[in-house]
Amino acid sequence: MRLVLVGPPGAGKGTQAQFLAAHFSIPHISTGDIFRANLKSGTELGKQAQTFMDRGELVPDSVTNEMVRDRLTHDDVANGFILDGFPRNVAQAEVLRAILVEKKSPLQAVLEFSAPDAEIIARLLHRAEIEKRVDDKEDVIKRRLEVYADQTAPIITFYRNEGLLISVSAVGNVEDITASAISALSRVAQ
Ligand code: AMP
């Protein structure tokens, strides 16, 4: 199963990705997690990403695309993957399509998790208290939502046009959302 998850920050993509990765026995690849791990260990990549992440902006495509291209060469993606947080704009979606065409292993589905803005903001503020992520401060949250609407939401149309889009409501309890995602994905050819 080669899958992309899309949805606003706070829609629960990370949580759902973990359950889906376990269900399909494939790796969960979160570009946000990779950037955070690099920040923590002080790598050059982490330094390049930091100012953008702190402001809630996208890290430049040149950095992000190469990081993903490299990650998709690892052996563990042989049976598929779940990409969480990538692509974040149409240019990244086009790069991903090209990478996968080269590997003769196109995406099979793009799962969109949707939730109303008010619910998203409440969840992000709640997460800020628990996880203490620097980018979960109120002004940065606002910026991340704007960036999502302006730059990321257009990929939904891109993938709908490709016939890959499946939408699932991200409101409700975690287990029910996972179950509807798995049921929607069972209709996708593997
Ligand atoms: P996330 O954990 O997915 O919310 O990502 C946290 C932050 O990492 C984002 O606000 C961006 O600054 C950066 N980031 C993650 N994925 C991408 C991407 N595909 N393109 C650019 N920046 C990204």
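Here the Cβ of each residue, glycine as well, is placed from N, Cα and C on the backbone.
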Additional site residue, Arg123, Arg144 [criterion: listed by TrEMBL with Thr31, Arg36, Glu57, Leu58, Val59, Gly85, Phe86, Pro87, Arg88, Gln92, Arg133 for AMP]: Arg144
Candidate from Gly80, Gly172 that TrEMBL assigns to the same ATP site as Gly10, Ala11, Gly12, Lys13, Gly14, Thr15, Arg127: Gly172
Proximal but sequence-remote residues of the same chain as Gly172 (ATP binding site) (Cβ under 8 Å, at least 6 apart): none
Other CB atoms within 10 A, centred on Glu57 (AMP binding site): 16
Gly14 (ATP binding site), number of other Cβ atoms within 10 Å: 17
All-chain count of other Cβ atoms within 10 Å of Phe86 (AMP binding site): 23
